[in-house]
Each structure stands twice: as C-alpha cells, then as structure tokens.
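*Asks:* Handing you this structure, nothing more for now.
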Amino acid sequence: MSVQNVVLFDTQPLTLMLGGKLSHINVAYQTYGTLNAEKNNAVLICHALTGDAEPYFDDGRDGWWQNFMGAGLALDTDRYFFISSNVLGGCKGTTGPSSINPQTGKPYGSQFPNIVVQDIVKVQKALLDHLGISHLKAIIGGSFGGMQANQWAIDYPDFMDNIVNLCSSIYFSAEAIGFNHVMRQAVINDPNFNGGDYYEGTPPDQGLSIARMLGMLTYRTDLQLAKAFGRATKSDGSFWGDYFQVESYLSYQGKKFLERFDANSYLHLLRALDMYDPSLGYDNVKEALSRIKARYTLVSVTTDQLFKPIDLYKSKQLLEQSGVDLHFYEFPSDYGHDAFLVDYDQFEKRIRDGLAGN
C-alpha cells in the first residue's frame, strides 16, 4: 500500500505559533486496519524525529515499528484503525524545507518558517478532520512523537480517550539541547550548507552524517555498544579512520542516513524538540496540563541517555500535580532510548493496556 497524500490549508493558511503562515500544505499519511461502524477504534500514531508515515509494511520491507504492528500484536491492526502521517517540516512527503514553495517555484530552503510541536499537531488535526475522524480511541508516540501526543491532549482534550507517551518528557533537558546544538553546528558549518539553500548544488552530507553519528550515541547505551562491539578493531581499519568496529558502525549509520533525510528538515525538527513548551499559548504549564482529560500512560526507560529517568520523573510530578489520570511505568533496557522501537517484550503490555485504557 502506497503513501496517501492530501493538500490542506489551501483556502485558509495555517497561522504558525512563532509567526508567519503556511498554505497548500501537503500531508503524507498512511492508514492500517479498518475503521469500525461506530468509528471508535481510531488511533493516531505520532512518529519520532526522523520517522515517517509508514511504521509498518506488509510486503517484506521494514517499517520503523515493524515488529510492534500487525494482526494480534501490540499495535493490533485487527482491533484498531491506525492513522500515521509525516510531520510538518519533515522530508518524507509532508511539506517541509525541501518542498517547492508555491510562491517561488523553488524549494523553501532557508525561507521555510520556524515551527513548533503545536503547529505539527494543528496539521495532524486538519488531516483527521479531512478523514472524517471526530474522536480517537488513543494517541501514541515515542520520543518526539510523545511530545506531539502530550500537546494533543492539551489542545484537544475531548478528542481522545487515551494518551500513550513513550520515552518522552514534558521538557527537553539542557544536556539534550546541548547535544542538538552540536549536531546543528555540524550541519551549519558544512561548506555546502549555503545558509540552507543547497538544493541546486551539493548537499551538506558531511555535516549531516556527523550529526547523525552523535545522535546515534544518545539513542544507544554503553552496555549495548559494549556487547555489540567492545574494543574490537577492524582488520582493514585505518589508524585515523574506522579503526574500531564501533567507529565503523557509526560511520555506516551516518552514511545510511543521507539516503533518507534532508539536512534542513533535521535542523528544523531538532529545534522543535528543543523549543517544546506545552504552556505556549497558556498562562503556565500547570494550566496547560490541567486541560488534559485523557487517561495518560507515561513510560520511562531507566537506561535512556536522551530522555533521562530524572526528566521523566519530573514530568510525572507535573502531570500528577495538574490532576492528570496518570499511569507511570519504568524499566531498564539494553537499548536505551531506542527501546520503544525495538524492545517489544518490555513495551508490549504497556502499549496494549495504554491503547485500550486498561
């Protein structure tokens, strides 16, 4: 099944939270399962930073949630009707910096406006309106997707029954913002970046590859890397190149990333992570969080090096103090932050129960 596309905000532009407007927004989306007659089994999936509209494939390819989704699995396509879309600012079909600006006939590049999570959620809401979905059984997201799910619960508190937030906090930490800054600088200082207007020339591949390598280290754990590589070396490794196997692994991940992601989208979405503030548009964070009516599942991985346990615990406190019906779980995983994508055994029950409201 191929990705579906729809153009939204073609008559009335989207007013962005930080100023500016966007019109004629293409949204790439995918659906799985069947919407029942009562229309009460719809679930919205919000993807993480570099995800897309296709968490699952039925033709042998690997989606980013391939092992979690399907008939009888945690994301049960026999039970639920899933909707997943690429986020605003992305590069997998939905309008972003690499898209053609209808006013100029050229890619937006440096002219793409600054976006925040609230803008992403507005586009998702417009998609559901287009699809005729007026209520959701649940919204689920991990990492950056968890921030989207959280904002949905604030901005549209009557729209869903359940929220499932995996490995994501209410605020991004100073350390995590620091990681993102280093990654952005790697891209911006690539000689080919050209202020973001590189589409008619050579893209900033070296900078983006380096940024991805650093990002990978924040998604993994020392224990996992030690088990996989230890201090093993490559027989053909150069002294100043990929001498250790872990270096070769990171180089491979950096190069592989270039095949599927745009540098400008990476910069914009990293900044949206940094900037996430659920109180934007409200007087304070407690006023914002107190709007939440959905049953809320929050899952923390104690070995997560990006959204650390202390950040999830602070989020737990804020949600509880705001009167949210919170169900909090934490456990270790060798996979660290990426556990929500790969550690099915640990997450299966929490996802099943969270979607069902059990």
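The backbone N, Cα and C atoms fix where each Cβ goes, and this holds for glycine too.
Here Swiss-Prot flags 41-343 as domain 'AB hydrolase-1', drawing on sequence analysis. Per Swiss-Prot, active site, nucleophile is recorded for S143, and the stated evidence type is sequence analysis. Among the features that Swiss-Prot reports, substrate binding site is placed at R212, D338. If you look up Swiss-Prot, you'll see D304, H337 marked as active site.
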*Asks:* Sorted by position, what residues of the same chain at least six away from D304 (active site) have a C-beta under 8 A from it?
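*Replies:* Set apart from D304 (active site) by at least 6 residues yet with Cβ under 8 Å, we have C167, L312, G336, H337, A339.
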*Asks:* List, in sequence order, the same-chain residues at least six positions removed whose CB sits under 8 Å from that of S143 (active site, nucleophile)?
*Replies:* A48, L49, L166, C167, S168, L306, F307, H337, F340
*Asks:* Using Cβ-Cβ distances, find the residues under 8 Å from D338 (substrate binding site) that belong to the same chain and are at least 6 apart in sequence, listing them in sequence order.
*Replies:* Y219, R220
*Asks:* Give the mean pLDDT for the domain 'AB hydrolase-1' (41-343) on the 0 to 100 scale.
*Replies:* 97
*Asks:* For H337 (active site), what is the tally of other C-beta atoms lying within 10 angstroms of its C-beta?
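*Replies:* Other Cβ atoms found within 10 Å: 24.
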*Asks:* Give me the long-range Cβ neighbours of R212 (substrate binding site): same chain, 6+ apart, Cβ under 8 Å, in sequence order.
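*Replies:* Once residues fewer than 6 apart are set aside, R212 (substrate binding site) is near M183, Q253, G254, F257, F261.
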